[in-house]
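Listed features, source TrEMBL:
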- L73, G105, L124, S125, R126, M127, T128, F129: S-adenosyl-L-methionine binding site (BINDING)
Amino acid sequence: MKTTLLVVGRTVEQHFITAINDYVQRTKRYLSFEMEVIPELKNTKSLSMEVQKEKEGELILKALQPGDVVVLLDEGGKEMRSIEFADYMKRKMNTVNKRLVFIIGGPYGFSPKVYEAAHEKMSLSRMTFSHQMVRLIFVEQLYRAMTILNGGPYHHE
Ligand SMILES: C[S@@+](CC[C@H](N)C(=O)[O-])C[C@H]1O[C@@H](n2cnc3c(N)ncnc32)[C@H](O)[C@@H]1O
């Protein structure tokens, strides 16, 4: 199984870039994992929130491949403890043949068409994080899950 984190727009702040890259590299020791960036739309000031979401949604759908298992990162999705997420990843590794694709929306979230295309929704908290910050939180949790499955000393409970 390949795992992809699909995000809308480049990560802009250097402190996030450094930390995200660190966890992506660490995670790759355990899992075939990559972060794929959909370039941000240009001239968004002239677009309404709905039109921006719609256009970003089209780009997200274009980036998907047949057979992808699509999981939206969404405040309203299913919440899991870290050990439950580790178990979830274990089950996916045993059942998904192609790609497991986690998607983080743009500043205004997902269009209805993206919600329709998704198989699952997963929440990292009931609070809302910025679309930039949530990348870091997700890659840290994915790394944590991998260390739980591989018996590493990173997670304590
Ligand atoms: C600023 S939020 C968008 C909030 C927007 N109000 C909405 O309705 O989705 C940008 C993206 O970050 C992700 N996100 C933010 N908080 C999250 C959370 N607690 N759990 C999972 N994903 C989250 C989602 O993918 C969301 O589309």
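Here the Cβ of each residue, glycine as well, is placed from N, Cα and C on the backbone.
Less than 8 angstroms from the CB of G105 (S-adenosyl-L-methionine binding site) sit V8, K53, E56, L72, L73, D74, V114, H131, each of them six or more residues away in the same chain. For L124 (S-adenosyl-L-methionine binding site), other Cβ atoms within 10 Å of its Cβ number 19. Residue pairs drawn from L73, G105, L124, S125, R126, M127, T128, F129, the listed S-adenosyl-L-methionine binders, are separated by up to 16 Å at the Cα level. Within 10 Å of the Cβ of L73 (S-adenosyl-L-methionine binding site) there are 23 other Cβ atoms, across all protein chains.
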